[in-house]
Amino acid sequence: MDAKPIPFEEVERWVKPPPPETKTYSFHHTCYRIKDPRVTVDFYSRVLGMKLIATLPLENLKTTMYFMGYTEEGETVPSDFKERMEFLLHRKQHTPVIEFLHNWGTENMSDLKLHDGNKAPKGYSHICVAVQDADAEIKRVANLGVRVIKESGGQGYAFIEDPDGYWVEFLDGDRLGSPGDPNIDITEMKAAIGF
């Protein structure tokens with residue numbers, strides 16, 4: 001099969017004006033299923049510096065949702081449950097969060113493996129965290145025992161794996177430069193995306 005990229009000009013033609021009803025929309029969160037919240041919350045706070053914004057246990061579903069993300073400088077996550085939920089649900093002016101969905105008891109299933117989307121059948125790929133120095137971050141997290149999938153090698157991006165096998169990209173936008181920058185190795189970037 002002779003695969004080629006779809007030209008940008010063709011993609012642009014697919015874009016339609018946003019419906020007026022969506023003018024107040026903003027991206028709020030994405031959700032991962034997780035095996036053990038103790039391990040996941042530790043990883044995303046200790047390794048990636050995210051804060052626990054809220055937890056929402058649902059007794060009838062035997063499930064708990066853990067919401068984690070970054071906050072603005074000087075911003076404090078409220079300690080009161082109702083205030084935390086308000087803080088979570090009205091994040092339009094803030095960065096999006098990740099919802100970690102835990103079905104009670106999965107932490108005790110030794111043979112449970114979650115599908116990360118990067119093995120067949122491929123689907124979901126990764127989240128991305130903007131960092132100041134991808135090379136330095138890879139060294140730091142490797143020293144914490146985190147599995148490194150792809151080192152930066154000066155390219156400005158790298159990939160690690162979280163406790164459930166989901167991929168996290170470190171992206172150093174300053175290192176990548178701007179479009180047309182001769183320091184960007186597009187071949188290397190294409191190879192990284194395809195692995």
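Numbers run from 1 along the shown chain.
Yeah, the Cβs are placed from backbone N, Cα and C, and that goes for glycine too.
The shown structure was predicted, so the numbers you read here are calculated from the model rather than taken from an experiment.
Summarising the annotation, TrEMBL assigns active site, proton donor/acceptor to Glu169. Under the heading Zn(2+) binding site, TrEMBL lists Glu99, His126, Glu169. What TrEMBL lists as domain 'VOC' is 26-173.
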Using DSSP, tally how many residues of the domain 'VOC' (26-173) sit in helix, strand and coil. 36 helix, 46 strand, 66 coil
For Glu169 (active site, proton donor/acceptor), write down the residues of its own chain that are at least 6 apart in sequence and whose Cβ falls under 8 Å from its Cβ; none is a fine answer. His126, Ile127, Cys128, Val129, Tyr157, Ala158, Phe159
Long-range same-chain neighbours of Glu99 (Zn(2+) binding site), Cβ under 8 Å, sequence gap at least 6? His29, Thr30, Cys31, Tyr32, Met65, Tyr66, Phe67
Calculate the per-residue pLDDT averaged over the domain 'VOC' (26-173) and state the result as an integer. 92
Using all protein chains in view, find how many other C-beta atoms are within 10 Å of the C-beta of His126 (Zn(2+) binding site). 18
